[in-house]
Amino acid sequence: MSYSDTWLVVPVYNEAEVLGEVVSEALQTFPNIVCVDDGSRDDSARIALNSGAHLVRHPVNLGQGAALQTGVEYARSRPGANYFVTFDSDGQHQVADVERMIDKLRADEADIIVGTRFHGDTSHIPWTKRLLLRTIVALSPQLRTLQLSDAHNGLRAFNRTVGEQFTITHNGMGHASEIIAMVRRYGWRVTESPVTIAYTEYSMAKGQSLLNGVNILFESLLRTSFRR
Amino acid sequence: MSWLDAVPALVAAVAWLLVPGVLSSYALGLRGLAAWTVAPVFSTAVIAVSAIVFGKLGIAWSASAAGAAALVPAAAFLLVRLAFGRGFSPAVRPDQVKVRLAGWLGLLPALAIGLSIIVQGFRTPANLSQTYDAVFHYNALRWVLESGNASSLALGSFGSSFYPAAWHDITSLAVLSSAAPLPVAANMTTAAIAVFMWPLACLFLSRQIFGPSIPALAITGTASVAFAAFPWGLLHFGVLWPNALSFALVPIGVGAGLSILGMTTQGLLNRTAAWVLFGTTLVATGLAQPNATFSIAALLLLPGCHALVSWMHGQHRAGRTTRGLLGGAAVLALAVASWVFVHSLSRITSVKNYDRWQPFQSITAAVGEVLLNATNGRDALWLLSAAVVAGMFFAFRSRITLWLPFAHVGLAALFVMAAAVQTSTTHIFTGFWYNDSHRLAAMLPITGVLLAVGGVIGTAAKLREWAHTRELPSRMRNTRLISVPALTGALGALLLVVTTTWYQNWAVESLRMTYRAVGSSAETLVESSEQEFYSRVDRVVPDDAVVAGDPWDGSAMLWALTGTHVLFPHLNPSSGNEYLAEHLNEAATDPKVCRLMSKLNVRYAIEGTSQYWLSNPGNDSYPGLTDLSKSAGFELVEQQGPLRLYRITACDPELASHTPEPRSGA
């Protein structure tokens, strides 16, 4: 199946070590990839370009949320772009998972599909991460209402309707909560799709620290409190 | 007059620059930073256009008329949005609160520094700009207020031809809505442009380029008032108030253009809003001072070329090579046709051939001045210049900023051409700005502010990187003190300290040279004693009478300051009054003088001491206004030191037989 109508949006910040491999592998299935270099100090930008991806560079470091927003803005301006995927650059996400998500979108089962780590066996997920993510879901009325089990999974796929309305204002890691808020605000049809996250030594070292997770948790609590 | 008394005029000027525009931008669907930072464009356009429309319809210019006009575009935008729904509504959401706060709070140092420069530089809010062009602008304001016509189609030579009147329109509204004296309103409008409008415009462009970056937005305000060439340079030289207004709009036009070209980082405008804003900016700059329109075109040249080449490349990749080539050729043809058309306009030709300002330094010196932001002989701004140079280096990181160093070098080249070369070839490029090194230098801060901001943040990132490679204890390495925002804050604070203590002095001193009430007569057109004398003249001269006087002795300002009409409202005579400039003192013997006096209702004459800018040949244009005391038919009615007011009796035998006692002032 051709995925020429699908764009992978890959936020990049100092990922020179693995980026080339991640992009090259994804390009075998998805011909359209935009890497958003968020002010990397290493060779990430050059590697992204040499790998055959489109490259957009932030003039200054803004954060992952901002990189996603920039990438989606770029992708939706490209002719023929109908489906969009947010895809991490550290090698955690699997191309096969993305294919399944796009197929579901094509079948019009949802407007946005969020990857979840919590369908089936979860023993490969580090217990601290599991505990934190479960706590965030338990404390979030929005996630409970939408019946989402893994809101902070970076792998998401959505159609043009969502792509047009997609506006993240949180520059940093709080964007995941903001995406969930947008789902409710715009009434997007949302569903989950089981995905496998590869917890390699590299991705564990590069991924969100526990402190970041606590920050997200705190921010989610604040949002909930203010809404009330 | 105290500064407290001037506050209503300042508030009025700021309100007229912002409120009409905010109505329009909100009606267009903009919110947050976008709505407020672009507001001056809509305000300037709606005020200047409505002045033209009212002029055509014969409706008197007033605050209420302009206020009503401000509602028209706002209502139109609302109606169009209602009619077309989401298709017209900008879908761009406002930034996060903390991003907006960074921008707004970053303006506070700019406000403090700017107002400090204004207060120290003007000394008092009513001080006059003692400059050549100020005579025209003050009297043009008086004409607007008296005639009730603020149209750009009529302001030239006060009622007969086109002169871009946006600045006069806004300032007249400040007068009408605050009841402030004319010089106070002019000064406060100038302050509003320099201290409020320009930093807001820079904030908009900075947000367009750097995206929702808190460090970038936080230091943009300070950077915007740190350059000497603009806004302070144009308040010193000229004085170029309309050009100051127009240049302050340029960052908004460039920001809108970048949105159209897709060259922003999460821009604040969608394409529809960008086109509306861009078009409005062209109207606003065209009616403020058209050379800013060319500034916008010059600054967007490289981003435009980049966008065109990217589009053609995209077409080629998509297998539509022919379409790409044809599109590129069409754009090039349009650009060439526009260039040829512009050059064929007689008004443009006369501006381009302007050669009053000759080159005054070597190319090397001019290049050095650009590098140190010391253009036109100013003090070097070392720290700021280092930030700009660093910014040029860091700008190569992203296609969004890639054009900035090249545009800055391009603007620098224009300055060098005007300051150090000037040939018929260089005039092709610099002529749009009168081949004037001051106007050209004033454009450098437009790119300079952005490069300085990029330089400070890039340096902060490098410092952080350096700190992380040092063998520091992990606690110190991971502290938030060694983060990019914190280091940017530290560098920004350093810039702030240097700006307030060192750079500020030049700006203050330059304004003081221009806005002086006392000093040597060579530099002062109207001294405070002369202002006092003119008040007495106003009490003596009937409302409908016209007073002749050598404008170079300051009497040209009599009209602006008191409302008493003068024969020579400009420093140079026009064809209609030229004969009287040469022969008025021959009234008793030359019947043509009496005929012209009767036609122009000239009944009084002032004689003072003309010491202002004696090297200017225009000073010798008024031999007919000299030796009036020795001329027949001139009756002394008021005197204060060397200043004398005569009633002209030469053409009226009845008046000649009645000789009242002259009154003397202190």
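Glycine too: its Cβ is placed from the backbone N, Cα and C atoms.
Per TrEMBL, transmembrane segment is recorded for B:33-53 (among others).
For the transmembrane segment (B:59-80), the residues of the chain that approach it from at least six positions outside its boundaries are 16, 19-20, 23-24, 26-29, 42-43, 46-47, 49-51, 53, 88, 144, 148-150, 169, 172-173, 176-177, 276, judged by C-beta separation under 8 angstroms. What TrEMBL lists as transmembrane segment is B:59-80 (among others).
Among residues of the same chain six or more beyond the transmembrane segment (B:101-122), those with a C-beta under 8 A of the stretch's C-beta atoms are 3, 33, 187, 190-191, 194-196, 199-200, 203, 207, 214-215, 217-222, 224-226, 232, 235, 496, 499-500, 504, 507-512, 515. The transmembrane segment annotation in TrEMBL covers B:101-122 (among others).
Taken from TrEMBL, the feature transmembrane segment applies to B:184-204 (among others). Listed by sequence, the residues of this chain that lie at least six past the ends of the transmembrane segment (B:184-204) yet keep a Cβ under 8 A from its Cβ atoms are 1, 5-6, 9-10, 12-14, 17-18, 33-34, 36-40, 103, 106-107, 110-111, 114-115, 118, 122, 125-127, 129, 137-138, 141, 167, 170-172, 174-175, 178, 217, 220-221, 223-225, 230-232, 235, 241, 244-245, 248-252, 255, 268, 449-450, 515.
If you look up TrEMBL, you'll see B:216-234 (among others) marked as transmembrane segment.
If you look up TrEMBL, you'll see B:240-261 (among others) marked as transmembrane segment.
Residues annotated as transmembrane segment in TrEMBL: B:268-288 (among others). Within the chain, the transmembrane segment (B:268-288) has long-range Cβ neighbours (under 8 A, six or more residues past its boundaries) at 28-30, 33-34, 38, 41-42, 44-45, 48-49, 52, 77, 87-88, 90-92, 152, 164-167, 204, 207-208, 242, 245-246, 249-250, 252-253, 255-257, 259-260, 295-296.
Residues annotated as transmembrane segment in TrEMBL: B:294-312 (among others).
Among the features that TrEMBL reports, transmembrane segment is placed at B:324-342 (among others). Within its own chain, the transmembrane segment (B:324-342) has Cβ neighbours under 8 Å at 308-309, 311-316, 348, counting only residues six or more beyond its boundaries.
Residues or ranges marked as transmembrane segment by TrEMBL: B:403-421 (among others).
If you look up TrEMBL, you'll see B:441-461 (among others) marked as transmembrane segment.
Taken from TrEMBL, the feature transmembrane segment covers B:481-503 (among others).
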Legend entry - Positions whose Cβ lies under 8 angstroms from the transmembrane segment (B:441-461), at least six residues beyond its ends: 202, 205-206, 209-210, 213, 215-216, 219-220, 223-224, 226-227, 229-231, 233-234, 243-244, 247, 250-251, 254, 295, 299, 370, 373, 375-376, 384, 386-395, 397, 401, 404-405, 407-408, 411-412, 414-415, 419, 433, 484-485, 487-488, 490-492, 495
Inset, instruction - Report, as numbers and ranges, every residue of the chain located at least six residues beyond the transmembrane segment (B:481-503) whose Cβ falls under 8 Å of a Cβ in that stretch; write 'none' if there are none. - result: 109, 113, 116, 214-215, 218-219, 222-223, 225-226, 228, 379, 381, 383-384, 387, 452, 456-457, 459-461, 463-464, 467-468
Legend entry - seg_contact(the transmembrane segment (B:33-53), the transmembrane segment (B:403-421)) with at least 3 CB pairs under 8 angstroms, min sep 6: no
Legend entry - Long-range environment of the transmembrane segment (B:403-421) - Cβ separation under 8 angstroms, sequence gap at least 6: 209, 263, 298-299, 301-303, 306, 357, 359-363, 365-367, 369-370, 375-376, 388, 391-392, 395-396, 429-430, 433, 435-437, 440-441, 443-444, 446-448, 450-451, 454
